[in-house]
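Enquirer: Here TrEMBL flags 226-240 as compositional bias 'Basic and acidic residues'. As annotated by TrEMBL, region 'Disordered' applies to 195-254. Annotated transmembrane segment per TrEMBL: 25-51, 71-89, 96-116, 144-165, in sequence order.
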Amino acid sequence: MSEQTPDPTTPDAAETARRSRRIKVIAAILMALGALAFWSASRVTWATVFAGDGMSPDRYMQVKGADWSPWLTPLALVLLAAILAAFSLRGWGLRIVAVLVAAGGLLAAFPALSLLTSSSDSLYAARAIDLSDRYVVRLTTTHGWVSVIVFAGTVCCVAAGVLLLRSASGAGMSSKYRTPAARRDELEREIFAEHERRKAAGDAGTEPAGGLTGRDGTNAAADGEDAARTEPPHVNERMMWDALDTGIDPTEQR
């Protein structure tokens, strides 16, 4: 049995390619939103530390998102790079990008979860801003609403990763070999359409008896019919070989 080769010009393959591109566009939008969420979270205040050293009045110190979770900004840049990679990769390369995007979004959520706990906020906040040992932390106030921004970015990343995996799987399926039955049906339609075009071209050259005559006195319709019979078929070489591979006689009149 001969090996079937993929034909990217078929309507199914073209539709699959368009669907894959639409999925990538949606995933790119989600990654851009995730990058925006992480960057925004890195710029806002996650906690406020009230501390003093005993020699000067106690003071409030703000802990930014970039201090609490230092990899938020780099992760936003990685997501922007992943957008470019998603449109230039396929197959396993695209799958790796999808896994990295989803994993990065999940990892970003862990520091945000610490905002919802109160056991070690004071110590962690003091370390995040490199608070000197001479300061004594009186009170630490966290802003839990910031975690919503991070969780939104996480959801966008996970959704984008799932869509990229779906796009990679769809592109892989479209590049696989078609079944012999589907190939045979397509070739039959192509050969039948080619035969109809040849038949229509022959009929167009036929004129009623007593019609126009050539310069040598012969009937022009007969000349046109002879030319149509002697004209070589327009079935291209690929169609001929594919027809033979699937057991179709391309010379059979249908």
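Cβ coordinates come from backbone N, Cα and C, glycine included.
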Enquirer: Near the transmembrane segment (71-89), which same-chain residues lie under 8 Å Cβ to Cβ, leaving out any that are not at least 6 residues past its ends?
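Expert: Same-chain contacts beyond the ends: 24, 27-28, 31-32, 34-36, 38-39, 41-42, 65, 97, 100-101, 104, 107-108, 150, 157, 164, 167.
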Enquirer: Mind checking which residues of the chain, 6+ beyond the ends of the transmembrane segment (144-165), have their Cβ under 8 Å from one of its Cβ atoms?
Expert: 23-24, 26-28, 30-31, 33-38, 40-41, 44-46, 65, 69, 72, 79, 86, 94-95, 97-99, 101-106, 108-109, 111-113, 115-116
